[in-house]
Each structure stands twice: as structure tokens, then as C-alpha cells.
């Protein structure tokens, strides 16, 4: 019956569907031109938001996009920048570096946006970097990363290695032990991070007892956990990303290894990821960031309250979310100071700009366009929150190339 | 003879119209759109190659991303060395290399651009020989081709010092001394893409119109019968696999300077399957369907994702489902069907008579 119905339908519907297919292609083309026409509207300032809203990275990047939208809404509610409202052009990078490059070109060439807030992975940042440099655009990148970069067209509001990894290793060596085991996902950030860690261990008297990489999405850690058991390190430094963490921490717990025998320190796991891994599997483990939801500043209390009110009480804030929020405010402040959205003027105005962020005071370092940030080591609690156990006395100067560290000579040319 | 035949076929007429509209496109579209269209043309070239092996020979390769990627990386390596001005490319120094590795050394010479074709062709020759000689076919070959793409992705990610890892190769500056950021270079690259589209289409049309094309179709429809007739299908299959891989390599090389990046994300299983979908939507076994499918699907993808960035993937998924259910022969198949309906209206008698002697 159904087949017959289908067969009958086929001819007419096929024609209709073909018409639909072609017309939707046409419509989307029209919509595209319409969007670019609103360039003429001088009462708004256009900015781009470029994150993965689909694909494997969407789970992380949507929250970051939400934080940026919240900051933009807040600024608009107070009258916007230079008396104009901020208008957002959202694009989906689809977790694919080539798509990021395409959309960045579109935002800069077609929409002529004043600035772009976006990207998460290093791959996506590296893909759009030449686009921003060639089109003289401005990108605000909100995620901690492996360093060794400082583009004149990018502001980095996440941590450089010396504001996250280097102090964490230093603290662990002093407080937890000398024997390190490195485990990470197989991509650029873990490999570069571990290169830095190995140089630091060598200089500060630590020993390396193992270094393992697994493909993204890998879920069987039994052999690696056996190696860890045999080598008995004091610290496992973890740069695994995404789903792998769920498997790793669960299997580590199942293997009967607890935080008294060895401690793990992770730099890619924040509150958002702890929810996915399950606080029970991670309680007592360490992480290193610049901000936690529990960070005690008046600005953070308002930030967390507003974020939850806007997006739901079950949502959490974490380091990249906060850094993305800061980025919008820093840009707006730089534009106000410059009196213009011109990229060169905004860059000049941004030098040395300070902002009372939820993580405390941050300052833009003019030399490399990174932020001065406070480093915080935290312990995961049974309820999934993260409690700060140590922090630097004040914001640390960003040093993406680790030039001020003697042991890091030769890491960056 | 060939030219006459070429112009007579409706598919070739359509191709001519597409080429003419592509040539005229810069009059109506911004540089950004032209650059984007150039990318779609590289996909169209790739799709023609897939149609040759899948539509005509019946070999479903789900790993063509590898050949596309190898061509693209060969081009990328050449551009990267041009951008490095004799120094070590940036990612190598982060990864701890001090000298240019031996596999990179030849790429400072423009002659190395031949590798764009040679490397994918060689790989296809080896894989093709091993599989087709051992009569591995159908779904087993498809699975094998997927494994190939998985292996290459893991290899390219793992060898960060040599390949740039997940970041891939990016930050190219110039091509043959011309700045890649300049509008003129973009137009030149665009027209070069059209030229390659014409060349590849003509090559494939030439193959399928000749005796070898008939053998390929025969292999698709009954490989054993072909073997019993005294032909060796293995040789033909290896030949078509090599052709298709080399075409994919060319497509990759055209993709890189226009998009500005090549990373393992473009050579994995998912993009490889997407490539097959373009051909399926356009209509396989027609060559022209591959061109239409690749340009239309990617145009739709870009267009819808710009207008509805949050929900575009649902639209695209829905379109795929609709096409698969209601247009199993793709867009070209649909047009053909209705065109032949109109045709039979006038020549119904003639057609019945023609059909009669058929044994099938």
C-alpha cells in the first residue's frame, strides 16, 4: 500500500521537489545579498561572531557564542558603542578549518564587519589568520592555546602557555612530586604543550616517565592506564580533549587509582567539561585556568547570575566563556577610546587597556596583544564545581613565545 | 567526428552553457563570490573523477578525500616553501625540526607541481593493483577505501613536524610571485579552474564515448561476462582508478590557493562521503550531473548556512533525503525522465518498435 502510494506520488512530487530545491538555492542567494545590503545602515556597527554551531566542536563553541551575545546585548542595552547599536552577523564554522576560512572571508569582504569574535581550535584560528591579515580585519580569540603566535590582527583573550601550563608544572613539581607522565590527544595543542612541559621538567629537575598520544575520540585507555600503573608517576599531566576524557577518568577510577596515589592535572577540562565527564569520576583532580565559576569577585557574581538567568539555571560558566565575554567588553572599550572602529585606531587604543573582568583585573599587553591574567590552580569538587587551591598574587604578563624563560630557548625560533 | 558528436549530445550542450555562465560570472558577482565559485569548481572537477569511477565503472570509492588531499598537500607544500622564502616553514620550527626534511626538499622547484598528479596516481596504482587483481570489489572495496582515508588522516595528524598536524598547511602568501590576497590573482585562479574543468570534462567525455567507456560500463553491469569475453577487467579498473585519483589530485591543487588552507579535515571519511553525495544528487553516470551536483550542493550549503547559521544543516539533510527518495537518478536523471516523456509523446509508436527486439 505504502509503496504504491509512493510510486503514485513520485512523479508529481519529484517535480515539485526539484522546483523546491532550485528555488531554495535561489532564495538563499537572495537572502545573502539582502544581508550585505544593510551595510548602508549607518546607525549600527556590524560585528561578526564565527563559531562552530554544528559538528564536533559545537558543544563547546555554542556556550562561548552565548557569552559573546550576552555581552553584546548588555552593551546594546546601555546604548551601544559610539552611540550606535551593535549588529551581529553570525556564521557557522561547522568544525571545519576550510569553512572557517570561507566564512571569515565572507564576514570581512562581504559584510565588512568592524571586528570578529570567534574560533576555538588552533586549526580554525590558523585557518582564518591569513584571511584576517590579508583583509586587515580584527579577530578576538577567547581560548587558551599553545602559544608561539602573535598576529597583529588578532587579540588573544585566553591564556598563553606561561599563564596556564608553565606555572601549573612549576606548582606540581613543588607540591606533588617530580615524576611526570604526559597524556594527550593527537593534535597540535597537546604536542606543543608537552614539548614545553618536557623542556621545563628538564630544567627544573623533574623526570618524564611516559608520553602517550591517542586519536581524537579514542575511548580505550586500559593499556595506557597499565603503563601508568607500572611507571607510578606522581603527576599525570592531561591534555586529552573531548569525549576521551570521559573514558580516561572513568577507567582510571575503575582501575582503583585514586588521587592519593597520583594526581592528574588537566588544562582542557573546565566546568562545562566536568559536567560531561561526571563530577564523581573527577573529584579531587586538579585543573589549571585563569577563571572558575567560583572565582570570588563582585563582577563574577553578576556575570554568573546574568548568564544563568539568560540561558538557564543548569548552565555553567567557565574560562573560555568568561574570556569571550571579556573580549567583547575590551573591544567596545577600545572603540570608545579610539572614537572609531578603524582597525589600526582600535589596536592603538587597546594597548594597555584595563578591564575589571569576572576573573579580576585584566590588561591588554600592547606588544603581543595577549592579556595579563591571573593563574589559578583548582580542584574539582564532588558537586562539579572547581575550588581554587592556589593562584598567582596578581596578573601574569603574557609571553606566547616564552622568551623570558631561559629553559625555553630553542622552543621558538 | 569527435567534435560533431560532442556538440550533438544534450549533456555537452548543458556543459557548454555552464562554462559560459561561469565565464560571465565575474561580471555579476563580487570577488568574494568568485573566489567561492572557484572552490566549487575544484569540487566539480573532483566529482567528475568520482563519476567516472562510480557512475561508469560501478566502483564506489569512499576514500577519494585522500587523493584530493594528496594533490592539495603537494600544492600546499610548494606554496608554503614559496611563502617561507628559503627559511624553515613556521610550523616546523615549533615542532622542533631544524632542517628541511628530505620529502619537502623537492617542493622548492616548480617542476614538483607534477607531484600533484604523480603521487595520487601512484597510490591509486598500488592500491588498485592489490585490490582489483585479487578481485576485491563491491562493498569490500568501499570499506577498504574508507580505511585508506582513515589511515591517511591519522598519519597526517601524527606527523605534525612534516605535515602541520591538525592545523594543516596555511598562511600561503604568493603563487608564482603573485600575491594570493590580490583581486587579480583571484580572477586568474578562477579562470584557471574553469580551464581545468574543461580539460578534465573533455578527457572523461573522450574516455566514456570511446570503446574503453563501453567496457567500463560493461564492467559495471556484468564484470564476469566481460572477463568471459576475453577482456581483463583488472587493467581497466586500475586505469580508471588512476585517472580518477589524478583528477582528484588536480582538484585538490586548485582548491588550495583559493581557499588558503589544507588540513586533514578535508581528507577524512566524512568529506569523502560528501563527495559521493554530490555525484548522487547531480545524477551519476552522466558526467554533467557530477558538475551540477557539486556546484549546486556546495552553493546551497554556503547560501543556507549564511542565511540560517544555526539550523542550516537540517535544511541540507532534508534536501538530501528528498533527493534520495524522490530522485534516485539525481537531478539529471529527473530531467532525462521528463524529457523522454515529452519525446515518447510524439514518437510513441517508433519507440515501441525499437524496443521489441530487445532480449532483456
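A Cβ is built for glycine as well, from the same backbone N, Cα and C atoms used for every other residue.
Among the residue ranges B:62-79, B:80-97, the one that TrEMBL annotates as transmembrane segment is B:62-79. The feature transmembrane segment, as given by TrEMBL for the ranges B:113-132, B:213-232, sits at B:113-132. The stretch in closest packing with the transmembrane segment (B:139-162), judged by the count of Cβ pairs under 8 Å and taken from B:62-79, B:188-208, B:276-300, B:312-335, is B:62-79. Within the same chain, the transmembrane segment (B:276-300) stays apart from the transmembrane segment (B:113-132): fewer than three Cβ pairs sit under 8 Å, each pair at least 6 residues apart. Under the criterion of 3 or more C-beta pairs below 8 Å, with sequence separation of 6 or more, the transmembrane segment (B:62-79) and the transmembrane segment (B:235-256) qualify as touching. Within the chain, the transmembrane segment (B:235-256) has long-range Cβ neighbours (under 8 A, six or more residues past its boundaries) at 38-39, 41-43, 45-46, 48-50, 52-53, 56-57, 59, 61, 64, 67-76, 79, 113, 116-117, 119-121, 123-125, 127-129, 132, 169, 172, 189, 192-193, 196, 200, 203-204, 207, 212, 215-216, 219, 262, 266. Away from its own ends, the transmembrane segment (B:113-132) comes close to residues 66-67, 70-71, 74-75, 78, 106-107, 141, 144, 148, 233-234, 237-238, 241-242, 244-246, 248-250, 252-253 of its chain (Cβ-Cβ under 8 Å, at least six residues beyond either end).
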